[in-house]
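Among the features that TrEMBL reports, active site, for GATase activity is placed at 2. The L-glutamine binding site annotation in TrEMBL covers 112. The ATP binding site feature in TrEMBL is assigned to 246, 278, 352, 353. The domain 'Glutamine amidotransferase type-2' feature in TrEMBL is assigned to 2-199. Residues annotated as site 'Important for beta-aspartyl-AMP intermediate formation' in TrEMBL: 354.
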């Protein structure tokens, strides 16, 4: 995983010296300087390619994980015509390289992303029907003077696009690289591609599975579900550097760690997976993570933090997160603290359980879904908003420390399988009709049932859902509003709509985060890139996103 930045001249001709912040910059200087704002994403190497006569600049900040010695970018085709910068991992690159080798004898990709060039030369933009992984990339065909830009189906890898005052087109992994140069900003949407000349570029959807529009009717097959998750984890273990797994003690991260440990011991019977958990002293996550670590025989590390540790990093966090959403900020604070420690151990890639709640309907407010159709529609909605909430957090927080995070639950094949299961089998609460028997069942029941018996202790496999920021310690969730209240007056909050016309904050905590964001990313264009997430209030859910606020941490759990 890396950072990419691209600049394309509006007219396809050379871009002259640019006056930026009071001094003249060549195209190469400007591109290198702006990309430097995301150099934390790629601490191992910076690659720059400039095509002066066509006004094109490509910059790649590299975190070397696959093809460590050979994967320098930008990548260029054998004839020099096609150039590529890619951020992410192509998980089926080995199989694709074998297919390409039948057409090009002796072909050996320099890295997993190298196959994108050969697939483009053979299939054009249809290459996106052949690759699976997490990615965003910008490809330039200098002979045709056309570009191809794409982002993975669920937005695991971030990508922004913007235009400057001269209508030159910019792309970047992080918004901060476009600040100060682009007057117009937008998120490049997941599951979309844009192809053509600079003037023709318009994102269009390439990933459009049937479950986006139709409520599925296929009953769950527990054995096949288990098999699909095992396949997803196996594909995510391609790595040429030391790696580990996050272990919160919840069912999602615990399953990923357990499956990964089992697969790695197929290769080395004495293998010990490195696992990490984070929390405040006495947090409920620590106890359950220890149970899992002992069960799977991992080399486990607990990282403890205080409220003050998290509050100290709040401003830095919002800068890296590029968001002011309360739920996103809250959940990011412990991971921000954790990522730094994990990277200090020499690990460059970490596995995570992100994505399971979206595809299995695991959030506590799903207990309030009134019927099967609305339950499924809400899962589709939150899957399509992952890139502005949980996955945005997971990617940007870990990459702020040069640590790659992988999410097997969001493997494209697995998501399609799970989202094609009928909602009757997945819905939590009294509407569940698993195996034709209607009775109350807990969230993510089919996932737990599929792995019942061997991978995890029952105390973890059947543990109730916690919000990550709740599970690491309630004291932090209590301290954040109190801390914000010391910085925001009643009068300021009352005037919030006048100061912030876009997504006006409704609490002092939200107001405080918004002020920090505004200092670092001024202007309406930046504010518009942030989506606010709250549970479904039309289902009777309170706006506060914490698990406790959903009335699920008390004796009414089964009736929430």
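Cβ coordinates are placed from backbone N, Cα and C, and glycine is handled just like the others.
Among the residues 246, 278, 352, 353 said to bind ATP, no two Cα atoms are farther apart than 14 Å. Here residue 246 (ATP binding site) is compared against the recorded positions 2, 112, 354, and the shortest C-alpha distance is to 354. Cβ neighbour count for residue 246 (ATP binding site): 26 (other Cβ atoms within 10 Å of its Cβ, all protein chains included).
For the pair formed by residue 2 (active site, for GATase activity) and residue 353 (ATP binding site), distance between Cα atoms is given as 21 Å, rounded to the nearest Å. When the Cα of the residue listed as 'L-glutamine binding site' is compared against those of the recorded positions 278, 352, 353, 354, the shortest separation belongs to 352. Rounded to a whole number, the distance between the Cα atoms of residue 354 (site 'Important for beta-aspartyl-AMP intermediate formation') and residue 278 (ATP binding site) is 15 Å. Within the same chain, residues at least six positions away from residue 352 (ATP binding site) with a Cβ under 8 Å of its Cβ are 245, 246, 253, 256, 394, 405, 406, 407.
Listed in sequence order, 252, 390, 391, 394, 405, 407, 409, 410 are the same-chain residues at least 6 apart in sequence whose CB falls under 8 Å from the CB of residue 354 (site 'Important for beta-aspartyl-AMP intermediate formation'). Long-range Cβ contacts of residue 353 (ATP binding site) within its own chain (separation 6+, distance under 8 Å): 246, 248, 250, 251, 252, 253, 254, 255, 256, 407, 409.
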